[in-house]
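Read through the structure below, which is laid out as structure tokens, and then see the notes.
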Amino acid sequence: MRYISDPLYFLGAIILLQVGLNPDTTFWYGVLFLVLIAYVQNVSYGLQSRAGTRSSNAFHAFTAVLASLVFFVTLRYLYRDQMSLMLLPTYMFATVFGSLHGNIVSRRIEKLIGAGSEAPKDQPQLMRFWPSLVILLVVLVLQIIFVQSSLTPWMIAGLALLALVDNFSFAVLRLARSSDNYWFHGCAALLQTGAKFLGLAIMFNYEMNWALFLPTTTGGVMGSLTGQYFARSISDKINAKFDFHIVGDKNIEWPVLQIAVFSLGMVIHGLIFGQNNFVNVMLLLGYAFGQSVSFAIVSRARQRNHDTYLMWASMFSNGVWYLTMHQLALKNITPDKIAPYVVGGVVGSLVGQNVAMHVEKKINARMDAAIK
């Protein structure tokens with residue numbers, strides 16, 4: 001039963017078969033490197049995901065920088081190889097393993113530093129919000145003035161701003177995914193997927209040049225901290241709950257109205273572009289939908305201290321993300337791909353939230369279950 005319930009056995013068997021059938025040592029080295037970097041990527045991302053909904057700014061800032069660095073290195077490596085499907089099982093194995101360990105490590109750190117999902121009003125922070133934001137602004141200005149780059153100062157500032165919006169909205173989205181409020185979630189997803197699409201377009205256009213790293217990381221950390229800071233007050237004002245769907249016998253409703261409203265983006269797309277490039281547009285719409293369903297599920301799974309739930313959610317999430325990036329890396333990112341990516345992303349995120357709530361109710365996976 002253990003071999004059936006744990007996806008790592010299945011993925012590991014595929015990797016061993018691939019390595020055994022491929023005598024090329026270059027492929028072996030590529031597999032080993034990807035296992036290492038993808039594992040570290042998801043350990044760091046698991047830390048950041050939980051830190052973004054906890055009460056320690058210092059813990060959050062550290063994990064945001066680490067996750068940004070490792071993600072950039074991983075995406076750069078995969079993009080240069082055009083997201084080869086031969087590496088998909090390897091990437092999935094390492095990321096599932098990393099997600100599990102990231103969650104375990106984060107739970108230990110949270111317990112050690114007392115970072116819960118709710119911050120006590122009188123609890124002092126090692127790194128206060130506004131001072132940390134000022135420091136990051138100074139770092140950005142120093143980059144523009146002193147760091148030699150192939151990018152213009154305006155491009156550096158623009159990249160930092162785009163990364164700030166992306167990570168701000170993602171920090172809000174991360175909290176919204178864990179709540180039970182569909183409108184809060186849908187609006188956060190709309191802002192985040194739009195900013196993410198523009199960011200990917202720029203990074204792929206510049207072929208993941210290292211000059212992009214500093215401004216995107218600085219802006220990203222600023223956005224992540226700002227999003228965490230404001231998301232809590234937003235969720236409090238709209239009375240968003242985190243474990244309300246688990247308690248009692250109340251039915252979990254589908255977000256039918258929200259899906260209908262956000263799907264209007266494809267109607268606008270049809271009026272502007274017609275049926276041009278129809279197959280690729282529909283393919284990207286499907287990938288973006290599946291990616292966001294999986295992202296919403298794995299984001300909630302990271303918050304709920306249930307390892308089996310997390311492993312399967314992570315395998316689904318990282319597999320669909322890889323296929324989506326494969327599609328974008330092979331094709332130029334053009335304006336006709338905006339609507340399918342954004343609409344698929346928002347609708348998929350809402351569906352994923354609903355599916356996750358049903359799963360959590362079934363297995364009783366709560367936001368702050370006791371840490372053993």
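The backbone N, Cα and C atoms fix where each Cβ goes, and this holds for glycine too.
Since we're looking at a predicted model, the values are computed, not measured.
Annotation source TrEMBL lists transmembrane segment at 27-47 (among others). When Cβ-Cβ distances below 8 Å are used as the criterion, the transmembrane segment (27-47) is approached by residues 15, 18-19, 63, 66-67, 69-71, 73-74, 77-78, 81, 86-87, 90-91, 93-103, 105-106, 109, 302, 314, 318 of the same chain, each at least six residues removed from its ends.
Marked as transmembrane segment by TrEMBL: 59-79 (among others).
Look at TrEMBL and you will find 85-105 (among others) tagged as transmembrane segment.
The transmembrane segment feature in TrEMBL is assigned to 126-148 (among others).
If you look up TrEMBL, you'll see 154-175 (among others) marked as transmembrane segment.
Marked as transmembrane segment by TrEMBL: 182-204 (among others).
The annotation transmembrane segment is assigned in TrEMBL to 210-231 (among others).
The transmembrane segment annotation in TrEMBL covers 252-272 (among others). Within its own chain, the transmembrane segment (252-272) has Cβ neighbours under 8 Å at 182-183, 186, 190, 245, 281, 285, 336, 338-340, 342-343, 346-347, 350-351, 353-354, 357-358, 361, counting only residues six or more beyond its boundaries.
The feature transmembrane segment is assigned by TrEMBL to 278-297 (among others).
The transmembrane segment annotation in TrEMBL covers 309-326 (among others).
According to TrEMBL, the feature transmembrane segment maps to 338-357 (among others).
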Based on Cβ pairs under 8 Å, which of the stretches 182-204, 210-231, 278-297, 338-357 lies most in contact with the transmembrane segment (154-175)?
210-231
What same-chain residues lie close to the transmembrane segment (182-204): Cβ under 8 Å, and 6 or more beyond its ends?
75, 79, 159, 162-163, 165-166, 169-170, 172-173, 176, 212, 216, 234-235, 238, 240, 255, 258, 261-262, 288, 292, 328-329, 333, 337-338, 341-342, 345-346, 349-350, 353
Residues from the same chain, set at least six apart from the ends of the transmembrane segment (278-297), whose C-beta lies under 8 A from its own:
177, 189, 193, 266, 269, 313, 316-317, 319-321, 323-324, 327-328, 331, 336-337, 340-353, 355-356, 359
